[in-house]
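Marked as ATP binding site by TrEMBL: GLY98, GLU99, PRO100, GLY101, ILE102, GLY103, LYS104, SER105. TrEMBL lists 69-215 with the feature domain 'RecA family profile 1'. Among the features that TrEMBL reports, region 'Lon-protease-like' is placed at 351-452. Residues or ranges marked as motif 'RadA KNRFG motif' by TrEMBL: 252-256.
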Amino acid sequence: MAKVKTTFFCQNCGSQYAKWQGQCTSCKEWNTIAEEVIQKPEKSDWKTPTSATKRVSKPLLINEIDSSQEARLNMQDGEFNRVLGGGMVHGSLTLLGGEPGIGKSTLLLQIALKLQYKTLYVSGEESQKQIKMRAERINPNSSNCYILTETKTQNIFKQIEALEPDIVVIDSIQTLHSDYIESSAGSISQIKECTTELIKFAKETSTPVLLIGHITKDGNIAGPKILEHMVDTVLQFEGDRNHVFRILRANKNRFGSTNELGIYEMQGSGLREVSNPSEILISEKDGELSGNAIAATIEGLRPLMIEVQALVSTAVYGTPQRSATGFNAKRLNMLLAVLEKRAGFRLGAKDVFLNITGGITVDDPAIDLAVVAAILSSNEDVALPSTYCFAAEVGLSGEIRPVQRVEQRILEAEKLGFSTIFVSKYNKIALKNTVIKIQLISKIEDLVGFLV
Ligand code: TYD
Ligand code: MG
């Protein structure tokens, strides 16, 4: 009988060891190293060795490489296409991570149902009936989507060979197991092996593969970090489960930028694309309330108007509280210090709460001015006109600094019916014939003059 081969893996970072030890030397976690049985025949291929056509690739001049094949597959979903960088690339492997129940299966099933291409949806988590029930709610008439419930990669490849799908979706990578490895599904060595087989399959047949991955409680995709290095694109599906909005972003993308954002709304019949997010991110209210200001930001290539809410109140306890949701708390403290020092507002003994509505997180510095305006408005209890919006960065000496792509922001604000936008005096603006009033300011005191 062949000797059983085992190796020790750190369940946290995926490092490999020859023998057990208490602490992982690479990630320094204690008690994470576990023994896994691996048994590899000489060849692990996505096809059985006999049926594999042996191809040897030759070097080609870069000008001779045919790039027409790189035309992307249209996923029939505007948000998904944009986050991928214009559609899916042939032969690419995309990993979609996200918390349980956030809607990963819903998103990919919905895309699979809408596609014009022959799609194979492999599920190791739900039965065919359960998927059918869900599909009926989302899109009852789809004619190109095949559902397979299977967890063994060799069987999946057998079905793929028979069906020859154009796209394969795997829900989820942690449920797969390969015959070549004996450890249980979801273990580091299984995840690595199954992903390697899928990569080989994707590259050899030019079929794009979408993988769903679970995440651990600290927000990383479960399994070795190496998994993220192996795939071409890592997408993250996030959002507050209590909010209806879901945000799709790319953490890694070999074929496009990583600063595009896709926004969806969870409805009873699946996820709806939100193609004009500004309208939903600005809450509707009767009358003007103090402490609200609108920022003209840019996420990726898309301008986005978002609402900033501030609440400034006298501190009840000795130490005032500062809390920010969706905004960097250190940056909030810095802005408060600038307001105190440069504009003479005594905020040192006040509680300040800041919230970006819609549950999204912004790191565009152009939001600074709206944050300052919201704080001033709440502090003075004076409502800002709801047709004002802001786009500028605030410097340490209270100067209002220019931001990139200001013209795009101005045009978006104009499109949404804002009457005035506050921007830095130092921004070069070539726009002519705008209906919106462009208010140029250079110091934080200027803003105070306008608002209070
Ligand atoms: P699911 O896709 O199963 O999450 P994941 O695969 O990321 O674990 O999403 C489950 C949630 O989505 C569930 O809480 C109910 C909600 N949902 C809807 O609100 N509407 C729908 O049409 C569907 C299919 C799900
Ligand atoms: Mg799921």
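Every residue gets a Cβ built from N, Cα and C, even glycine.
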Which residues, given as numbers and ranges, are at least 6 beyond the ends of the motif 'RadA KNRFG motif' (252-256) yet have a Cβ under 8 Å from it?
72, 84-86, 89, 92, 228, 231-234
Within the same chain, and leaving aside GLY98, GLU99, PRO100, GLY101, ILE102, GLY103, LYS104, SER105, name every residue whose CB is within 8 angstroms of the centroid of the CB atoms belonging to the recorded ATP site, in sequence order.
THR106, PHE237
Among GLY98, PRO100, GLY101, ILE102, GLY103, SER105, please name the binding-site residues whose Cβ is nearer than 6 Å to ligand 2.
SER105
Kindly point out which of the binding-site residues GLU99, PRO100, ILE102 have a C-beta less than 6 Å from some atom of ligand 1.
PRO100, ILE102
Would you list the DSSP helix, strand and coil counts for the residues of the domain 'RecA family profile 1' (69-215)?
63 helix, 33 strand, 51 coil
Of the residues in the motif 'RadA KNRFG motif' (252-256), how many are helix, strand and coil by DSSP?
0 helix, 2 strand, 3 coil
Would you count the other C-beta atoms found within 10 angstroms of the C-beta of GLY98 (ATP binding site) for me?
24
Considering every residue in the region 'Lon-protease-like' (351-452), what is the mean pLDDT value?
90
